[in-house]
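Data block below; observations after.
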Amino acid sequence: MPNARVGDAADSVAAHPAPLHLLVIEDDRQISAQIDDYLTEAGMIVTLADNGEAGLRRALEDPFDAVILDRMLPGLDGMEVLHRLRARDAATPVLMLTARAGVPDRVEGLEAGASDYLTKPFALAELLARVRALVRSRSHAVPDTVLRAGPLMIDVARHSVRRDGVTVTLQPREFRCLLELAREPGTVVSRALLLERVWEYRFDPHTKILETHMSRLRAKLNAGGKPDLIETVRSAGYRLAV
């Protein structure tokens, strides 16, 4: 249980040019209500989700300054939410909450993409301080949003792609497929993993939707007779050959 003291929120409130928008993904209603009340009193706008599926959907649909994510969630657990979120959004700070205080657990969460880790029980004043520190760190960081892979330059923030300096216009799913391959150039990315990350299993694994998008992606990247950069590895997946 969070350990708050009367007056903590008022003492912790500092001027901020605009209210922070936070997403709290926590299935324990008592804890989420305490976090909501405390952060709202501190001048923040809080959105609550009580399961992993709903939380991931909100995180991907709406812009948030930070996400507070419980590790142990019913259904889609916190680690899976984190993996899927980081596949689509590398920038939003994520503070992971957990009752598992072991070093291996903390390391696993941080290596999966959590920005910070807070074990239960915790003081709400510390939660607030950590959230503010994460947002400050993000605002002062120089974003590394451009991936370079051979002749390709992929601007993740702008969803733009250039090949040899020439803009290649892609549809959102085509861009996501290319981005997944470009994050691990030369490595085979399985068909199942692409379907999971780009479509989140919305299609039957036997669908041809991936092949259709890859065909369109290839045609756009190879316009003008340029060499094919995407290799199909039979029974394995696809690879960006750069």
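Heads up, the Cβ atoms here are built off N, Cα and C, so glycines get one too.
What you are looking at is a predicted structure, and each value in this text was computed from that prediction instead of being measured.
Listed in TrEMBL:
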type     : residues : note
DNA_BIND : 144-242  : DNA-binding region
DOMAIN   : 21-135   : domain 'Response regulatory'
DOMAIN   : 144-242  : domain 'OmpR/PhoB-type'
MOD_RES  : Asp70    : 4-aspartylphosphate
Composition by DSSP (helix, strand, coil) of residues within the domain 'OmpR/PhoB-type' (144-242): 33 helix, 25 strand, 41 coil
Neighbour count (Cβ, 10 Å) for Asp70 (4-aspartylphosphate): 25
